[in-house]
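Student: Heads up, here are the entries from TrEMBL:
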type	residues	note
DOMAIN	24-274	domain 'Nodulin-like'
TRANSMEM	25-47	transmembrane segment
TRANSMEM	89-107	transmembrane segment
TRANSMEM	119-145	transmembrane segment
TRANSMEM	157-178	transmembrane segment
TRANSMEM	184-202	transmembrane segment
TRANSMEM	223-243	transmembrane segment
TRANSMEM	255-274	transmembrane segment
DOMAIN	337-550	domain 'NFD4 C-terminal'
TRANSMEM	343-361	transmembrane segment
TRANSMEM	412-431	transmembrane segment
TRANSMEM	437-455	transmembrane segment
TRANSMEM	467-486	transmembrane segment
TRANSMEM	524-544	transmembrane segment
Amino acid sequence: MAGGEGAAAVMCTPAFVGRVLRSRWYVVFASMVVMAASGSTYIFALYSKELRSVLGYNQQTLNTLGFFKDLGTNVGVVSGLVQQVAPTWAVLLIGAGMNLAGYLMVYLALTERTAAPPVWLMCIYMCVGANALTFSNTGALVACVKNFPESRGIVIGLLKGFVGLSGAIYTQLYLAIYGDDAKSLVLLIAWLPAAVYIFFVHTIRVLPYRRRAEGDEPNSKPFFCFLYISIALATYLLVMIVVQKQVPSFSHAAYAVGATVLLLILFLPLGVVIKEEYAAVSQLEESLQQPPAIAVEEPAAASTKKEDDEPSCGMKGCLTNMFKPPALGEDYTIMQALVSVEMLVLFVVSVFGIGGTLTAIDNMAQIGQSLGYPHKSINTFVSLISIWNYAGRVGAGYMSEFFVARYRFPRPLALTAVLLFSCVGHLLIAFGVPQSLYAASVILGFCFGAQWPLLFSIISEVFGLKYYSTLFNFGSAASPIGAYVLNVRIAGRMYDAEAARQHGGHAAAVGDKICKGVMCFKHAFLIITGVTLAGALVSLVLVWRTRNFYKGDIYAKFKVAPVVAAADYQGGETVEGTVV
C-alpha cells in the first residue's frame with residue numbers, strides 16, 4: 001500500500017510530468033495521435049459523391065480532383081527541406097495552417113456558401129489541404145525514426161498504421177458529431193487535424209540518440225504494448241463496422257458512445273509511456289546509490305574522414321561526388337541518392353504499385369455503385385480499406401523488421417511479394433466477381449498500407465538517416481504520377497466513355513451520369529494489373545543489388561556505445577551519441 005502511495009506521489013509531481021512530456025516514448029505517443037488525425041485523404045470516397053452532385057462533375061473531373069489530392073499527399077519535398085533547416089514545431093504548424101485553409105475552402109464550396117469555384121481552383125484547394133499530411137508525416141515520422149534508429153521498421157509500421165486507421169476513425173467521429181452528413185465530414189477533416197497538430201506541436205522533436213552498451217538489447221517492450229493497443233483499436237473499429245451494418249437504425253447516441261470508447265482506446269498508449277518513465281525513475285534512483293564509473297578514451301583521429309562526408313565545394317566537385325556514392329547504408333547526399341539505381345527502382349515501384357492501389361481506393365465508391373452495392377456497403381468498403389491499410393502498415397513494419405533482424409531477409413523482396421498480392425485485388429474488381437468487393441477492399445487496403453513502411457524503411461537503410469526527411473519524401477513523390485495516368489487518364493476516361501455509351505450520348509454531354517455494370521472499370525483494372533506486375537518485376541532489380549547488404553547486420557553501427565571522454569561528462573547528463 002505504501003509502495004502504491006509512493007508511486008502515485010512521484011507520478012503526480014510536476015517534475016515527473018515534465019519528464020514524461022520530454023521523453024522519447026511520449027514523442028512516439030504524440031506522433032501516433034498526430035498520425036491518427038492525418039489520414040483524411042483516404043476517405044475521399046465518402047464525400048466524392050457530394051462533389052459530383054453539388055458541383056456537377058463527371059468521373060474524369062472527379063478523378064482529377066483525386067489526383068491533386070494524391071499529389072498533395074505524396075509530394076512532400078518541401079516539408080522535407082523545411083525539416084532539414086527548421087525545428088519540428090515549425091513543420092507541424094505549417095501543416096496545421098495548410099490543412100485548415102485547404103479543406104475549409106472545399107467545405108464552403110460544397111455547402112454553397114461561396115460561389116462554385118472553377119475546377120482548377122478546386123484542385124488547388126484539395127492539393128493544399130492534402131499536402132498538410134506530408135508536414136505531419138515528416139515531422140512525426142522523422143523524429144521517431146531518428147530517436148529509435150534500431151527499430152525503424154517497427155516505428156514506421158506503427159505510425160503509418162495509425163494513418164491507415166485514420167479513415168475508419170474519421171468515419172466513426174463524423175457520424176457521432178454530425179450524423180450521416182458527408183458535407184460535415186469535410187468540415188471535420190478541416191479543423192480536427194489542425195487542432196491535433198497544434199496541441200502536440202512542442203512535444204514532437206528529435207532527441208539525442210543514446211547508443212546502448214555492448215551486450216544490451218534494445219527496449220522494444222513498449223513498442224509491442226503500442227502494437228497490442230493498436231490491434232485492439234483496429235478490432236474495435238471492425239466490430240463497430242459490422243454492428244452498424246447489421247443494425248438497421250443505429251442511433252446517434254450509440255454513435256456517440258462508440259466514438260467515446262474509440263478515443264479512450266486511442267489514448268491508452270499514454271499509460272505505457274507513464275509506466276516506462278516511472279520504471280526509468282526507479283532505476284535511476286537505484287543507480288545513484290552506487291558511485292558512477294567513467295571511462296576515458298583517446299580522441300578519435302578526425303583526419304581519416306571529411307566531416308559529415310560532405311561533397312567538395314563548387315559545381316564541379318558536387319557533380320563529381322554525385323556519381324561516387326558511399327557504400328549502401330552510409331549517409332548519401334541528396335543528389336547521390338536521387339541519381340542512384342536503387343532510388344530509380346523505388347520510383348518505378350511507387351508509380352506502378354502505389355499508383356494502382358490509389359486508383360482503386362479513390363474510386364471505391366464509384367466501383368461499388370457501378371456493381372450495384374447499396375450505399376451502406378460502400379461506407380463499409382471505405383472502413384475495411386482503412387482497417388486493412390492499418391494491418392498492412394503495422395504487419396509489414398513489424399514482420400519485415402523481425403525477418404531482417406533474425407533471418408537477414410531482404411526488405412525489397414517483401415515489397416515484391418506485396419505488389420504481386422495486390423494484383424489479386426485488381427483482378428477481382430476487373431471481373432466484378434459477385435460479392436468480391438469486400439475481399440478486394442481487404443486485399444488492396446492491406447497491400448496499399450504494406451508498401452509504405454517497406455518503402456520508407458528501405459530508403460532509411462540504403463541511403464542513411466542524415467537526409468532522411470528529404471529522401472523519404474522524394475521516394476513517395478512518384479506515386480501521384482501513377483495515380484494521374486491510371487486514375488485520371490485511364491480509369492476516369494474509360495468510365496465516362498462507358499457511361500456515355502450506356503446513356504446514348506457523347507461523354508461531354510453525359511456529364512455526371514452514372515455508369516452501371518462490370519464494364520465501367522474492367523479494362524482499366526486489367527491495365528492496372530499489368531503495370532503492377534511490371535512493377536513487381538522491376539523491384540527484383542533492387543532485391544538483386546541489395547542482396548549482400550541485407551546479408552550483414554545493417555544496424556551494427558547503432559549497437560555499441562563509445563566510452564565517454566571525461567571532458568564530455570556533464571553531471572550525469574547524456575551527451576548526444578554517447579551513454580553515460
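Backbone N, Cα and C atoms are what each Cβ position is placed from, and that goes for glycine too.
The structure displayed is predicted, hence computed values, not measured ones.
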Student: Tell me if the transmembrane segment (157-178) touches the transmembrane segment (223-243). I count contact as 3 or more CB pairs below 8 A, with pairs 6 or more residues apart.
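Tutor: As far as Cβ distances go (cut-off 8 Å, pairs 6 or more apart), the transmembrane segment (223-243) and the transmembrane segment (157-178) touch.
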Student: Is it true that the transmembrane segment (25-47) and the transmembrane segment (524-544) have 3 or more Cβ pairs under 8 Å, skipping pairs fewer than 6 apart in sequence?
Tutor: no
Student: Look at every Cβ pair spanning the transmembrane segment (437-455) and the transmembrane segment (119-145), keep those 6 or more apart in sequence, and say whether at least 3 of them are under 8 Å.
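Tutor: Not in contact, no.
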Student: Who are the chain neighbours of the transmembrane segment (412-431) in space, where the CB to CB distance is under 8 Å and they lie at least 6 residues beyond its ends?
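Tutor: Distant Cβ neighbours of the transmembrane segment (412-431) are 349, 352-353, 356-357, 360, 367, 392, 396, 399-400, 403, 437, 439-440, 442-444, 446-448, 450-451, 454-455, 458, 518, 521-526, 528-529, 532-533, 535-536, 539-540, 542-543, 546, 550.
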Student: The transmembrane segment (524-544) and the transmembrane segment (343-361): do they have three or more Cβ pairs under 8 Å, with pairs 6 or more apart in sequence?
Tutor: yes
Student: Of the listed stretches (89-107, 119-145, 157-178, 184-202, 524-544), which one yields the highest count of Cβ-Cβ distances below 8 Å with the transmembrane segment (255-274)?
Tutor: 157-178
Student: With a cut-off of 8 Å between Cβ atoms, can you find at least three pairs linking the transmembrane segment (184-202) to the transmembrane segment (467-486)? Only pairs 6 or more residues apart in sequence count.
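Tutor: In this chain the transmembrane segment (184-202) does not contact the transmembrane segment (467-486) - fewer than 3 Cβ pairs sit under 8 Å.
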Student: Same-chain Cβ contacts of the transmembrane segment (467-486) under 8 Å, 6 or more residues past its ends?
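Tutor: Residues 66-67, 70-71, 73-77, 79-81, 83-84, 134, 138, 141-142, 145-146, 331-334, 337-338, 343, 346-348, 350-356, 358-359, 362, 452, 455-456, 459-460, 524, 527-528, 531.
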